[in-house]
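Some notes on the structure that comes next.
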Amino acid sequence: MGLAGKDLLSMRELTVDEIRLILDTAESMKEVARRDIKKVPALRGKTLINLFYEPSTRTRTSFEIAGKWLSADVVNISISSSSVAKGESLKDTGLTLQAMHPDVVVIRHPSAGAAEFLAKRLAAPIINAGDGAHEHPSQALLDLFTIREKVGRLEGLKAAIIGDITHSRVARSNIHGMQKMGMEVRVAGPRTMLPRFVERLGVEVFTNLDRAIAEVDVIMMLRLQVERQQAGLFPSLREYSRLFGLTVERLKAAKPNVLIMHPGPINRGVEIAPDVADGPYSLILNQVENGLAVRMALLYLIAGGGQAG
Ligand code: CP
């Protein structure tokens, strides 16, 4: 079993063994990331293209650093200064890049299905770095890695994912990933931010924050996409924060040592209070750090053909 030459499009498509392989490989990569000199030759002579149609700090930078630490040649395409700005289609952009023989292409795009669209047309393996409201698999993998690292296991843990579930690719990828790894998942948010038939994903559904966070091991807060306020999904930031913002006071309803996660970027004082984000149970910066190790593992397994160990 391996991931050499395969696309990574979604957590839904990964098997439990593949997820374990990625997490175990990321453990070895974390050791590399802690060395004084981080460069290893695993992807020497390979080319990684980062193609981001949406803004990103964590994902784009960590794929770039991960590729460089593995000695790949990394090319970042800035959409505003590429021919996309002249109207070039995704298909033609993809075929043009393919003609330059990349060994792996990482894409973020506002449309669900964009990564799969490229995967069907390009010979190079495609890594989905977020496609619309569909999936963000490398985020879910780094989240699973972070929980496993902290607790020592995933099986039997309970997580609550709080916020705009409908529009969150992070929520969708984590629901699939956590359930595959034996975790129970709850979701909570205003009714207007919960997908119709969300129960069919096998999650427990709450519209009350205190009830949702009681008895869970992990609370994952989602970024409030403030642009949604115009769509009338919630009356005001203040109202959203009052009902679904995680504060030290609200944390009294949770287990004393509950782990707090957020994929970032955070809206301080909206979905998460500053003293919770910066508090002792927050794993937000551990998630960022682990994103490097997990993305090194993905590039190594997909473009380098390696196995764990
Ligand atoms: N979590 C995440 O995807 O962050 P960026 O948008 O900064 O990459």
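Placed from the backbone N, Cα and C atoms, the Cβ positions cover glycine too.
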Per TrEMBL, member of Arg20, Arg34, Arg108, Arg238 binding carbamoyl phosphate alongside Arg58, Thr59, His136, Gln139, Gly264, Pro265:
Arg108
Checking the contact step here: among the binding-site residues Arg58, His136, Pro265, which have a Cα within 10 Å of the Cα of Arg223 (L-aspartate binding site)?
Pro265
With carbamoyl phosphate as the bound species and Arg58, Thr59, Arg108, His136, Gln139, Gly264, Pro265 as its recorded binding residues, calculate the greatest Cα-Cα distance and give it in Å as a whole number.
16
As a check: which entries in Lys86, Arg108, Arg169, Arg223, the binding-site residues, place their Cβ less than 6 Å from an atom of ligand 1?
none
Cα distance, Arg169 (L-aspartate binding site) to Gly264 (carbamoyl phosphate binding site), nearest Å?
13
Determine, from DSSP, whether Arg108 (carbamoyl phosphate binding site) sits in helix, strand or coil.
strand
Separation of alpha carbons, Thr59 (carbamoyl phosphate binding site) and Lys86 (L-aspartate binding site) (Å):
25
